[in-house]
Every structure is written in structure tokens, then in C-alpha cells.
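Here is the structure we will look at, set down as C-alpha cells.
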């Protein structure tokens, strides 16, 4: 029995890694062969970022069971911290790969700090109250970044906080060789884009490694216990706040790394990109892929990032179609009548009942 | 005097939030769902009234009435088609469905009315001048505040006195028990959505008159803010939604005037977070401990 | 087979074999008020280190509330709880558990989406040392401690002959097995006092008989104290050494099963005042 269980979990995890490797190889081959058009090639890095976002959000929503509506906020922190790091190190670290790595680590670190600041006070709230507070934090982060003006010259970083809305890059006092990095509401400017599909692939693999291994360790068990029954979890001596924070902050850090990669994929990017709608977009990946289901998140993130692109010929109707698909999928998977219909089609369910 | 004028604009903005929040809090109380499509019903209300006035040349009062009717029907239809089949589903599934409905409404509006902002003619024009013209209060502000107070009082009376109101309270406490007492849970929930949507339509007309513009995304932010207001005051509580809406509007107006236009929303949200940390169930909400 | 109850200086009684050792639990004037209502008031109780104690009383007497006070699910509004001589004031539920009190719940609270084995190993979290980083990178400490936990979990499960169910989801277990798993999970935290809230609820007579055996076996194997809430008087009178009777949040009687059975106050609480008789 024990042997079977270990192999079963391992098989699922192994297939997840393998699937990702295959996806990477196939996409690389296709783009080398020139089969993919430009817009598809351009989607490869964002797909990896969203996969990583979805897997990390799944840690909070699926595994910990707390609704977060501000995940894009951490992505934003990571993106702008990463871009600042990369742009400031242009001369010091000429290697793009190394600079990208540093940028992603910096992005993850800043998002970790943001995760702590958000998580420590609010994780004692529950359910929808926690959801609304994460939403609020996402919006606050967005507005704070909108107020940032950052530049870099040989004297180091110049940072201005544009509270009144009438300061510009000129007020930074940059030297002639200096470069503007973030121009307030206009976002990042002339960023040297160093993100690559390979980096995206590595990011997703690292994210998978961290989340899957965390899930199958004592921390993961405690986090899932917390999701199933909070009072019982504290009754067996588990510090619930510690584990909640651990899941939440890990999730934020991974989102930060994904954000850094995303930020370095575009020469210009506005803070408004990481708004409530982006948080929701990632949440939709998680819910459609299945709560707690890691490979489901990967597939949903990839499919739903490609879908609007594939529906391009429907132009104006594509978001409408997306909305209808979303509603229909939810109805099909959660309506009791339809659900029992699907359950009868699945052979796996029956087996489980017999085992019990 | 300057302060007074900011305060009044805050109160009228807050009154709009309060009207939306009242609808939101009722829907949440009974359906226990974050109805993210609520904000978009406001927008639909705005467009319906706009078309009635602009294309059909109907008087504002008739236009408002048409908006109320259209939104009420829309609210009931949405509840029946999208939410009712998911009554026993996990709340996250309902949430995503609500988001789907929100996208649907926004993109439908985008197709029908296009993305460009429409100039919305205020339903009442003009203003009163006080203190030798030092203080100007628009009629629309006065109308908004009056409408909000009337709605709050009417809703409180309805919920505490009428048979349907009592059924609503029963359903929000325990649907199973309410059903056993002979209450038709489905029609009670429909009625709640109808009322919430009707309020959203009124809020839509007032909001558009206040901003004098209208876009497919007009409802999103006010929807989120009104939800914040409902949580702020204690979700499920009618006086809480009223209080939360007013406070939110006042904080937003004063923050814009005295601290930073850019960070006004952040300040509003920061206040919400602080309030929830001190009072986890909102200002007037009460904590229901889990039974062990 | 049991030692008989003997008085100790404070006026309480504990089994003879536990005399001379510090009582595992000593409640002094414990009480809680919910919105003006005294749910439990002036609760005094002492439990010996290896005693099997019963907490009985009519429905709504405040028995589960006592458990909730002991485990700090509710904070007591007054009184003191001494656990092995240590004041649990200011402790959280988790801290009280690590100090030695484990419990089961009247309405079963298992981790339904975890397997039976995981339900047990998760309870050993406080005894495990490896860090989050060791867990993620699968360092040697991870393998070593997970192996120990796995073996101990199977050992504890075998106590109730549940080792073969280790990989089944807890939520899909039959009712009786769920109750047993909750006990195993509580034991996995290495308690010195085990609180069982209606362990025999919903069980048939043969399952109840087996449960009684198991409760004795747990006490004898682990040398711990057990306090149980139960409505099955046969079970209570058979295995409890000391019994405490609650009514309307107050202790109305304490003593051995024989003393409780013949106590007129207890009979009145259960059957009501016999005016006409």
C-alpha cells in the first residue's frame, strides 16, 4: 500500500515536470523551424510567467485555501524591482543571463518583503475579509508604483516619490550618462529586454520544484490540514499563523520572480498592467485548472493565454466568448446535476469509493 | 469654506457608494457571494438611462425608471441563469462565475456602445449658491444625498417589517431552516437580487450624473469601492453599508483634496485595512464564532 | 482492577496509585461568561496522572465548553488551569497541546483531504525539526525524520488495527473509523492528558465494547490520563474511576461511579424532580 502511494504521488509530480520539459522542447523546435508566427513566439515568455504565477497562487488558494485577489501586486513589485536591478547593473554585469538571474532574485526578495508586510497583519482575517484586504493591497501597490520615478547614473540610484503628480524624470537630477528607469505612471522606459523562453522554462521548473516539494513535506501537510480544519489544526499543536505566512510569502516570492521576468520582456511597461484584472486572470487559471492541482494550473495558464490570441479573428467578440466559456465551464463543473453526470463517466472516482 | 465644499462632495460621492453598498450587502447577506458583476449592473443602468434620454428624448425621471426596470430584470436573469445552478457549489466557483458575468456585461457594452466615453447629461442641472457664492452645491449632490437617505430608511423598514424582508433575514441566517418554515428560498433570493440591481440602476444614474461621463468600465471601480464600503461597515448590515459608504466617500474626497490625487484610492484602502485589523468584522458587523 | 479514589488535601479525589505525584490537571474556579450568561462557573477538578475520568451531565450542561476552556478554544473569563503544575494562562490552543493536552471533537474534525497516515503524521509536526529549506531541497534531515514519522504513524494506527487504511483519504472512512482516527491523531501529539468528546457517539454496542478496551489499552500503554465526555452510562460507569457531573455549568457531584449512581442530586438532574412520588 505504502509503495503504491509513494509511486502515485511521484508519478503525478514526475509527469508534471516531464510535461513541462516536453512543452519547452516542442515550442523551441517549432519556433526554430519557423512554424510559430510572431505573436505566438512573443507569447512564450508571458506564458511561462503566467504558469509560474498560477502555480504560486495555487499554493495560497488551492493548498492553503485562502482567497487572494491581489497576486498581481506581488508580480508588480517583482517586475519593477527586477527592472531597476537589471537596468542599474547594465555596465557592471554585462552577461544578460546573469543579470536576468540577479533581477529575478531581487524581484523575489522584494516580493517576499511585500508578502511579509501584507501577510503578517492580515492573515488572521478569514474568508472574504482576507480576500478584500488582498484586493486592497494589490490596488495600493499599483498606485504606489505609479508614483515612483527612478533613474540611475554613475552616482547610483535616484528615487523620487511623486506624491503630487507634477514631478518628472527631470527632477531626478541625473547626470548626462544617467538613464531613466521608471517614469511614474508611464512605467518603465527603454528597458533592455533580456527575458528568454529558456529563462521562463527554468523559472517554471524552479517554481514547480519549490511548490511540489513544499507540498509533500511537513509544512505542506500542516498547510493542507489548516485548509481542511483550522480548529483541529491548532488542537494538534500547529502554529497556524506561521504556516499561513509561510505559504503566503512563498507564493509572493515566486510571483515576484515571475514579475521580474515579465518586466524584462518588454521595453516599456506600466504599473497599471498589474491591476485587479490581472489578479483575477491568474485566479481564473487556478480555479479552472483545479484547486490544489498543479499541472492543471500549468495547462490552464498556457491554454487561456493562447486562447484570446487564437480567437484573434473574432476580434471584438473574443472577450465575450472568453466570458461565456468561463461561465459555462463553471456551470458544467460545479452544478450538482451536471457534476454527477460527469462523475459517472470517470472510472477513477468509482475506484476511490471501493477503496474506502 | 473650502473644507466644507470638499466635505459635501465627499458626502454625495459617499451617498452613491452607500446606495451601491446597500445592494451589495443585501446580496452578500443572502447569497454569501462576492458579486463582482454588481458594478457592471451600475454601468448598464447608466447606459439604459443615457439611451432613453439621448435617443428617445425621455425626461430623466422616466429614463431612471426604465434603467431600474432593465437592471431589475437583468439582475433576476443573471441570478437564475448563472448563480442559482451553483447554489451548493464552493464559493470560489460562484466567484469565478460572477467574474465571468462581469466580463460578459462589460464586453457586451463594449460591442453595443463602443469604448469611447459618452458625455452624460446630469439628470438635474444647476446648483445652489450659499454664503454669497463662496459655497456652491450642485442639485445633483443634494439629490444624491436625499436619495441615499430615503433608500436607507425604506430598506431598513422593508427588511424589518415586511413579510419578504423577514423571509430575507431568515434565508440569510439559515436557508435550510427557512425552507422548512415554508419560505420559498428561490424567490426570496431572486427578490434580493432584484432589489440590489434596482439600487444599482439608481446608483448608475446618479454616478454618471456626478461624473458626467460613461464608459463600459464605469462600474468596475465604484463596484469594488462599494464592496469595500460594505465590508468597512460590516457586511450584511444595512446601517453598516450606509455608514461605510459615507465614510469612504468622505475619506476619498478629503484625501484627494489634501493629500494626493494619485494615492486617493490607496488611502481609502489603507483605512479599510486598518479598520479590519482593529474590528475584523467591520464597524457595525458582529463576529460569529465557529461552534466547536 | 482500578485503584480506589482517595481524598487529597484540597478536597478533591484522585486514584490511590496517583497519590504523591503531582496531578496532571488542576482546575481552580474555572469559568466563562458568554454575553452575561455563565456557561461554566466555579469549575474545580483534579485529575490523577493515570486516571480515567468522566465528565457527564444533561445536554447543554457545559461539558464541551469545559473541554474548549481546557484547550483554549475559548479563553476562560476567570479561574486557573494548572497542567502538570504549569499555569496555561496566556497559552494558545496550539501551545496548550504542546504542553500536553490533546483532544477529539464531538463533531468529528479530521483533515478530510489528507490520507489517514498524513492525518497522523501532521500531528507530529511539533516533534519534527527539519526546516522548510530541508523540506524543499530534500536534505538528509527530511528523509530521516519523515521515515521516523512514517513508522510511528503505522505503529499508532496498528493500535486500532488501521494500518491497512494508511493511504485512504480520511474523509472517505466510515464513521467509526473516523472516530478512531481522531483518537490516533490526538495520541500522535504525545499528550499527557487526552480529552475525548463523546467517543462512543454513533457506535453500536460491540464497537462501544471495543472502544472501552481501547481506552484502557491507551491508558496502560502510554501511562496518561484520559478525560471523556459520554452519554453512554454503561461505558462511563465501567471504565471511569472518577466522575464529575455538570448541570447548568456547575459541578453538582464528584466521586466514584458507585457514589455518582446513588447520588440523589445527580438522579434529579437527569430525571427531573419527582414531586408527586
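From the backbone N, Cα and C atoms, a Cβ is placed for every residue, glycine too.
When the ranges A:219-238, A:319-338 are checked against TrEMBL, the one recorded as transmembrane segment is A:319-338.
Looking at A:173-193, A:194-214, the range annotated in TrEMBL as transmembrane segment turns out to be A:194-214.
Listed by sequence, the residues of this chain that lie at least six past the ends of the transmembrane segment (A:12-31) yet keep a Cβ under 8 A from its Cβ atoms are 40-41, 44, 197-198, 201, 204-205, 208, 212, 216, 294-295, 298, 302. Taking every recorded stretch in A:43-65, A:130-151, A:245-264, A:276-307 and counting its Cβ pairs under 8 Å to the transmembrane segment (A:102-123), the highest total belongs to A:245-264.
For the transmembrane segment (A:72-90), the residues of the chain that approach it from at least six positions outside its boundaries are 49, 53, 99-100, 102-104, 106-111, 114-115, 118, 134, 137-142, 145, 148, 150, 152, 157, 179, 181-182, 188, 191-192, 194, 251-253, 255-264, 269, 271, 273-276, 278-279, 282, judged by C-beta separation under 8 angstroms. Tertiary proximity for the transmembrane segment (A:43-65) is limited to same-chain residues at least six positions away from its ends with a CB under 8 Å from its CB atoms, namely 27, 31, 71, 75, 195-197, 199-201, 203-204, 207-208, 211, 214-215, 220, 223-224, 226-228, 244, 247-248, 250-252, 254-255, 257-259, 261-262, 265, 281-283, 285-287, 289-294, 297-298, 300-302, 305-306, 309.
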